[in-house]
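Q: According to TrEMBL, the Zn(2+) binding site annotation covers A:171, A:172, A:175, A:187. Positions annotated as region 'Disordered' by TrEMBL: A:272-294. Per TrEMBL, compositional bias 'Basic and acidic residues' is recorded for A:285-294.
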């Protein structure tokens, strides 16, 4: 005991001294400090806006409400995600990345997904069964580009801000893998999937916009896409840990099998079929009416 | 909380991030300037930090750049300008503008005035892009003073704001009449306006955006007729310290947030509230007006809503 004790104390003392000096030198995350809007701390990364608790609450409520009314306001949906992810949910997502070897690699290398980093023309030349080709085919079918994601501004921890940005940039890959389209019905299904997979509150709350769906869409969500999303999101591997840039030439089916995702029914095809059926019914009705009146 | 923070810092040190640009060491201008601004006593006049630079909100920028940056701000806010004004001032800006025009009483009543009834006033409204003040002036002259000849020239440096104003003019009876004209001009260089030609020069909530306020005031002096009136309504310093505390917190907290929610543009509204904060106080601005050669009536200004806005007036002396 006498021999161990003096050895232990200097070591423990040295470690705590090192910790104290490190934290003294580096900037503490803004969420740990109390400040007012009149003396915000310096930002932790470019574009960072440290928010007070009241501001964050206001942003969460305001952006949540307004993006529910007008889901086309992508910037508000992004702000809603950032305002509600702290402090627990985004940290948990980042920790899940740290626990996975590919996740750690992504955090170390910090890749960004833009149209320039992806080389879209090259992806079009890939074989039809690859992820890259499926992704570009989906982009073309939906008429969107990868550059439309807003920059993260309201997350205080710099690493968590990157995690949020990565999640946002990978959203299109989740769409492409599932084959779900960009209009409200498809987005709600993808958001439900993301909620079960990432745990971010914004994704879960976005599922409430399913309440604004039309009757047929609502029934389809309850019958097909909702159960698909909840089942697959919970069962699949963490999508945030997929290094998409390195998986572009993988076979899509093999990737789905590895991650544990089933492909849901083609929503566009179902809707087209429904439209055709409705149109034929209307024409038949009109013909019968014309026939009975003459 | 502190333990978690130090663990996070340790982890960050171990992993190290590459591409995410770190600006933690070098303070970002806007926010750190606000701390410095609070601590240092503000000088009597707002000097430029070094030769050739001026302030853009709390940032220090080259003079040539300020005009471009202000232009970008107003191009971005043009379409949602009115909604944002209503939300930021809780609708009070309408009362301010009504009072401003009523107080100036534009237009010469043909029955009571001694001047030529065919002439009317020649009013120049600077930075009046969306036409708020111009339409009020014309309405007041026409309906209250029965003056059908008073005309207003709306000048603005930003073509988007002018386009917005022209669009709104279509709903008024003045749209295609000679009584309303829109011209794109920089307040510091009004070459298209001849000397001694304007009866009333107004600028409402525009002066704080000028790169050189003194040059603009001297231009105003040049274009005004002797006896002409210079009237400026601008955000100013609140008198009451308790009210000021609430006002500042509303400005810096709520307004950029409303800008984000309604207009999708937090930065423009952050610039707006910073430029309001940097604007000279009532006495300083009155001194600037006097220095340009104007005679200043009475105290020189009138506070609105406790000093949130102030109306400054000056009269060009009749030599």
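Just so it is clear, glycine is given a Cβ too, placed from its N, Cα and C backbone atoms.
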Q: Sequence-remote contacts (6 or more beyond its ends) of the region 'Disordered' (A:272-294), Cβ cut-off under 8 Å?
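A: Long-range Cβ neighbours of the region 'Disordered' (A:272-294): 216.
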Q: How do the residues of the compositional bias 'Basic and acidic residues' (A:285-294) split into helix, strand and coil according to DSSP?
A: 9 helix, 0 strand, 1 coil
Q: What is the set of residues, excluding A:171, A:172, A:175, A:187, whose C-beta falls within 8 angstroms of the centroid of the C-beta atoms at the Zn(2+) site?
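A: Near the Zn(2+) site, beyond A:171, A:172, A:175, A:187, sit A:173, A:174, A:176, A:180, A:182, A:190.
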Q: On a simple 10 Å Cβ count over all chains shown, which one of the binding-site residues A:171, A:175 is most densely packed?
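A: Buried the deepest by this measure is A:175.
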